[in-house]
Amino acid sequence: MESIGVVAPHTMHFAEPLRLQSGSVLGNYQLVVETYGELNAVRSNAVLVCHALNASHHVAGVYADDPRSTGWWDNMVGPGKPLDTNRFFVIGVNNLGSCFGSTGPMNIDPATGTPYGARFPVVTVEDWVHAQARVADALGIERFAAVMGGSLGGMQALAWSLLYPERVAHCIDIASTPKLSAQNIAFNEVARSAILSDPDFHGGDYYAHGVKPRRGLRVARMIGHITYLSDDDMAEKFGRALRRADGALDAYNFNFDVEFEVESYLRYQGDKFADYFDANTYLLITRALDYFDPAKAFNGDLSAALAHTKAKYLIASFMTDWRFAPARSREIVKALLDNRRSVSYAEIDAPHGHDAFLLDDARYHNLVRAYYERIAEEVGA
């Protein structure tokens, strides 16, 4: 299928202060947005795609100055793809606190004239949703045909259906969870500790020192990446293969250099991540993950938390995902059924672990495609 082609982001500026869940207030702020497809005359075909930890507004297509800059969900969004931009107007928003253009730690704090750094306020999933709602307002979109996301993006989609029940017709929540387990919070804490203990972190003000806590970022990414893959997938990709030049002896070196292919892969992923991501942003986003728990205000009762939702739901999980296991998606499904909501659930046997939501699996994509066919009929797209 063809790509959507060359795209360009645009920056939206907001002067109305945004009060965050923490009580902090952001005054003037900006959000970077990309759109694909055409909004129909009655504005009924808009779909918001929410991004996960290290992604951004750049959902699909490529940039004119970098043909390798393919959007993070390009296999899902585009002409003739499961989310068909010939039929839907698709919006990607870069969240507050990110490092891809929206207001975040790298931006100048008006109060000091220097980058916010660690002074940037902690943000939550709910804060992101409220900011995204202002984007929708600015675009004249009263109601989304669907809000969709995978992983952390799925949490945002679920939060949309809770916070703005009148503005979401369908919620598509993939490889997600209603709250992080203690194990997941622990993974995030270890990753943050790697960053915080890097001598180049400088309390979050490393910009002024002209350095970056690369070592901490590398380790944080390596930890995270392990949790995104399944054991079977890692065994198939790497096994216990040694990293050796062609013709070299298949024997141990008896040192602490890279010995195994899996070590080489993790170091490569860590180095690549440290090149483009910001450490303060990593801290903010993982804390937002930790804090997401819509049932908390209802004494832990997820069914009560979802009682006022009005959307229809597609919930999907992957059998080999141990980061956000299918049991967590089934918790959402049960809570929705307790409230007699319309919900479709699929548990997909894909070998790639948590990252399966990003990959081109035929059964998964056919599921999403079929669901959007239903939405298209409803909105006349």
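Glycine is treated like the rest: Cβ placed from N, Cα and C.
Going by Swiss-Prot, these are the annotated features:
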- 45-360: domain 'AB hydrolase-1' (DOMAIN)
- Ser151: active site, nucleophile (ACT_SITE)
- Arg221, Asp355: substrate binding site (BINDING)
- Asp321: active site (ACT_SITE)
- Arg323: site 'Important for acyl-CoA specificity' (SITE)
- His354: active site (ACT_SITE)
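Structure coloured by features recorded in Swiss-Prot.
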residue: Ser151; record: active site, nucleophile; DSSP (3 states): coil
residue: Arg221; record: substrate binding site; DSSP (3 states): helix
residue: Asp321; record: active site; DSSP (3 states): coil
residue: His354; record: active site; DSSP (3 states): helix
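Within the same chain, residues at least 6 positions away in sequence whose Cβ sits under 8 Å from that of Arg221 (substrate binding site) are Ala191, Gln269, Gly270, Phe273, Ala274, Phe277. A simple Cβ count within 10 Å picks out one of the recorded positions Asp321, Asp355 as the most packed, and that one is Asp321. Around the Cβ of His354 (active site), a 10 Å sphere holds 24 further Cβ atoms from the protein chains shown.
Neighbour density around each Cβ, counted as other Cβ atoms within 10 Å, peaks among the recorded positions Ser151, Arg323 at Ser151. Between the C-alpha atoms of Arg323 (site 'Important for acyl-CoA specificity') and His354 (active site), the distance comes to 6 Å. For the pair formed by Asp355 (substrate binding site) and the residue listed as 'active site, nucleophile', distance between Cα atoms is given as 9 Å, rounded to the nearest Å.
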